[in-house]
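Straight from TrEMBL, the features:
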ACT_SITE  D124  active site
BINDING   P82, V83, A84, G85, G86, M87, A88, G89, G90, S91, A92  ATP binding site
DOMAIN    51-132  domain 'GHMP kinase N-terminal'
DOMAIN    191-265  domain 'GHMP kinase C-terminal'
Amino acid sequence: MGGARPDGFHDLANVFLAVGLYDEVTATPADELRVTCAGPGADRVPLDRTNLAARAALALAERRGLDADAAAVHLHIGKDIPVAGGMAGGSADAAGALLACDALWGTRASRDELLEICAELGSDVPFSLVGGAALGTGRGERLRPLDVGGTFHWVFAVADGGLSTPAVYREFDRLHEGTDVPEPVASEDLFAALAKGDADALAATLANDLQPAALSLFPPLADTLAAGRAAGALAALVSGSGPTTAFLVRDAESAQVVAGALAASGTCRTARVADSPAPGATVLRGTG
Ligand code: C5P
């Protein structure tokens, strides 16, 4: 990750890997734009127009040349991705809402047009639409698909509480004040490990430049990382801007062992098991 740009964003060489945790977004006609949310952490999801899913509906309406009143849709978000967890859950909801509104309104926006809207909505939204694995450059929105040659197994420890992404980036800036942050470069070894489906090789290359900043704002995460390593994880790191922590494990059996140990460790709220790669936003049901 690079230093702060004049626009405040940071240039990234970010490897995205979609994992099988899903939110479900349902779009139904309504008198006005409305967002509801249910599921774990739903009380911490904003229901006004700052919600990224609401902004996605507004952006699509605007593209159709309609004013904001035309985005009359009820978006219901069934949450399962940890809220404010550093897992791009809000971005996933935005990508889902975009596809749902496109289907509901019969917009038939092209993939490129959808990707453009995604990039306007947030750095992680384009990847949430495409899924799989990709290298994200720029602020993360410019994607190059990556080959994944097998299934990788993960455990995610969901922390008690959340972290604000901008706050973690600000802490990164504070920790690097007065230093020259080099240009971000993606690791060729990481690409090779992904392409081979080699979990040991991937474990050796995993790193997150935001981790020191997340740990500085949320020190108990160090205990969670240690608990997962002690339980046999091949690698342990903060997911995105945190405070969710991610543990790469050898197989499905090991995932259960590590998840059980993390849940029992008292260092996190809950532990979730998920595989990768997983698809991006997908339309599940039409209106018919
Ligand atoms: O793009 P998005 O809205 O998800 O970004 C949220 C915040 O994260 C930004 O306001 C910025 O503070 C920080 N960010 C950044 N550099 C990036 C991506 C995000 O500084 N490449």
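Backbone N, Cα and C atoms are what each Cβ position is placed from, and that goes for glycine too.
Counting only residues at least six positions away in the same chain, the Cβ atoms of Y22, D23, I81, S128, A281 sit under 8 Å from the Cβ of A92 (ATP binding site). Note: the CA-CA distance between G90 (ATP binding site) and D124 (active site) rounds to 9 Å. The Cβ neighbour count for A88 (ATP binding site), using a 10 Å radius over every protein chain in view, is 25. Sorting the domain 'GHMP kinase N-terminal' (51-132) by DSSP state (H, G, I as helix; E, B as strand; all else coil) yields 49 helix, 7 strand, 26 coil. Under DSSP, the residues of the domain 'GHMP kinase C-terminal' (191-265) split into helix, strand and coil as follows: 44 helix, 9 strand, 22 coil. Excluding P82, V83, A84, G85, G86, M87, A88, G89, G90, S91, A92 themselves, the residues of that chain whose CB lies within 8 A of the CB mean position for the ATP site are, in sequence, I81, G240, T244.
For the domain 'GHMP kinase C-terminal' (191-265), the mean pLDDT of the prediction comes to 98. Non-local neighbourhood of A84 (ATP binding site): G41, R44, G162, L163, S164, each in the same chain, at least six residues away, with C-beta under 8 Å from its C-beta.
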